[in-house]
Amino acid sequence: ETGRLALYLLGLRATCPPPDPGSQRSLVTWLKYHLEEDWAGSRRHGHPLTSFYQYGLGVLALCAHRKRVREEVIRRLLEAQHHHKFRHAGGSAMDTEAVVVLAFTCLERERLVRSRLAAELRAARRRARKRMVEEQRPDGFFGNVYSTPWAMQVFIASNMCQLQTVYGQAMAALLKNLDAFTITATMAQVLPVLHGRSYLDIASMRCQEEPDTLTAINPEPLPEMLGTMMVRLVVECPLPWCPQHQLYDQLVPAPAGASLLDVLRAAAAQEPHDFTFETQETPQGPFLTTVLGLEAQQKKRSYWQLLTDSSTSLQMGVAEYRPQDGDSIILRLSEW
């Protein structure tokens, strides 16, 4: 619940709701409770039960509502950043570091921490920006297409975007790939950046001056594509508890222009029906949880990694990514 409550509270603050302090206080209290539960359940491992991404998002949401956070909670994030605990099997966790740094910036800006801790947060922010500059990919992205808006918000919140050429390169990459942001949650990450804003601006909004200009739109349906494509689907499980490394390798026919989710459905419908999978709905769209009966488990810190070859992760989720005829897709159970 940590991440879900955090996103809801950020959204609630951004919509300038009618004053109802009682209900908002209740939600803030629940978020503080879940932050403590999140950590207490996995204290001996030195990481939250969910993830540092959700944990940082919770701190950011509390700050946006100008609520103080216990110093111990903040220091957990500081220590994790210092010891590079945000990384996972798929590479760097740029979105996690960016969310945490935004939380640090907010706490300092809203003066919700003591001066000594504020100085430590500033130093952590400088380290993170330096690392982002060093790790920017040749295509302009920070991490991947979805973590890039988070990283760009760090530069915006620090008033550094005009001084960094990497920011302009990232913006150019985003503008070329806006079709990747088709889900409400990812749109909410990229829209502030396109307007030169960050989530920190939510904390300083003057709601009485906000015009009500939101209007509903009806998006045009995607053009129908005719024909059939063939996609090679491979399932790998290199972890110790897996029965074997490669569990599945088949060609799957699917309609041209189909999403990866459609390809998985087509594979499940194929004779002899030896491919199975399950997904879970999240704010970011369907999340692949189980393949061939093997479940990605939070307690084992495992997840189903989506790749186009042995080392290239997909930039989109199963519902957004549309493979081409002849492509190979690897579903690999990995640890983070």
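Backbone N, Cα and C atoms are what each Cβ position is placed from, and that goes for glycine too.
A simple way to gauge crowding: the CB of TRP336 (cyanocob(III)alamin binding site) has 15 other CB atoms within 10 angstroms, across all the protein chains here. Sequence annotations record features per position, and here TrEMBL assigns cyanocob(III)alamin binding site to THR50, SER51, PHE52, TYR53, GLN54, ASP95, ASN144, GLN189, TRP304, GLN305, LEU306, LEU314, TRP336.
All chains included, 25 other C-beta atoms sit within 10 angstroms of the C-beta of CYS106 (disulfide bond). Marked as disulfide bond by TrEMBL: CYS63-CYS106.
Annotation comment: TrEMBL describes 257-334 as domain 'Transcobalamin-like C-terminal'.
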**Report entry** Pairwise CA distance, CYS106 (disulfide bond) versus GLN54 (cyanocob(III)alamin binding site), rounded so that it is a whole Å
**Finding:** 16
Report summary line: One residue among the binding-site residues THR50, GLN54, ASN144 has the fewest other C-beta atoms within 10 A of its C-beta, namely ASN144
**Report entry** Residues in the domain 'Transcobalamin-like C-terminal' (257-334) grouped by DSSP into helix, strand and remaining coil
**Finding:** 10 helix, 29 strand, 39 coil
Query - Pairwise CA distance, GLN54 (cyanocob(III)alamin binding site) versus CYS63 (disulfide bond), rounded so that it is a whole Å - result: 14
Query raised in the report: When you look at THR50, SER51, PHE52, TYR53, GLN54, ASP95, ASN144, GLN189, TRP304, GLN305, LEU306, LEU314, TRP336, which the record names as binding cyanocob(III)alamin, what is the longest CA to CA distance in angstrom?
Result: 23
Query raised in the report: How does the model score the domain 'Transcobalamin-like C-terminal' (257-334) in terms of mean pLDDT?
Result: 87
